[in-house]
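Asker: Swiss-Prot lists these features:
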type	residues	note
TRANSMEM	15-35	transmembrane segment
DOMAIN	77-266	domain 'ABC transmembrane type-1'
TRANSMEM	81-101	transmembrane segment
TRANSMEM	112-132	transmembrane segment
TRANSMEM	142-162	transmembrane segment
TRANSMEM	185-205	transmembrane segment
TRANSMEM	247-267	transmembrane segment
Amino acid sequence: MLRHSPQFSVYRIALTLFFMMLSLLYLFPIFCLLLGSLKPSSELLRVGLNLDIDPKVMSFDNYTFLFNGGSIYFKWFFNSLVLGLFTTVLTLFFSSMIGYGLAVYDFKGRNIIFVLVLIIMMVPLEVMMLPLFKLTVGLHLIDSYTGVILPFIVSPVAVFFFRQYALGLPRDLLDSARMDGCTEFGIFFRIMAPLMKPAFGAMIILQSLNSWNNFLWPLIVLRSKEMFTLPIGLSSLLSPYGNNYDMLISGSVFAILPVIIIFLFFQKYFISGLTVGGVKG
């Protein structure tokens, strides 16, 4: 058989080596980040790529300063965690119900709403920044976390994804639950939502990543330094009056940890959710 042929074995080995090299290429910036976080600013500002591993200049002083009780870093870190948690939960809650409704219920204007969702998906966020800002000012939500969260409690991408996934749910369960006297909300939360775990797992990863990395909108809305999120706080370390590259790099190391932890928890749902949800129609 082909799988036992020498040509196939060589192909598998070559393909494995290729992906190993590609993985190392992707991991190289992470290695540089970890290495740079252990060096002082004087070493980081050297000309050229500095990959020297010198125990004499490398230390954990950057992390010691970062963990100092007087450091505002953990305030930024906590702000990002809270905003990311609330934004992700609200986005999944509303987007899943909207997507489920568009897939299951037959009502007038359903297709028009779905087309509008597709159109909004194609509009860059930057195009909507000015009207969103004017609306936020009118609601007196500037320099508040509500102003940061409110525009993102419904995601057109998540609505589309949940709708596509819900199209594959068995309708017999709906009829059986209705015959047993279950309410529509009860059907969704008790029966259909558990069946949509892969979709929720995939969206938790994507929405958490979007919320954690959200930079432009919080930068526009937030004014107080104590309310900054982590991306804004780290960017504030770079200024015309001085650049704290050592703090920036060590802070960036911890900034990637929550995303890695979330992916490790929900990775088993990620591929299956994207695969199934992306092909239903």
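Each Cβ is built from the backbone N, Cα and C atoms, and glycine gets one as well.
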Asker: Same-chain Cβ contacts of the transmembrane segment (112-132) under 8 Å, 6 or more residues past its ends?
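Answerer: For the transmembrane segment (112-132), the far contacts come to 102, 151, 156-157, 159-160, 163, 216-217, 220.
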Asker: With the transmembrane segment (81-101) as the reference, which stretch in 15-35, 185-205, 247-267 has the largest tally of C-beta pairs below 8 Å?
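Answerer: Highest pair count goes to 185-205.
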Asker: Can you work out whether the transmembrane segment (15-35) touches the transmembrane segment (185-205), with the criterion being 3+ CB pairs under 8 Å where the paired residues are 6 or more apart along the chain?
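Answerer: The transmembrane segment (185-205) and the transmembrane segment (15-35): touching, no.
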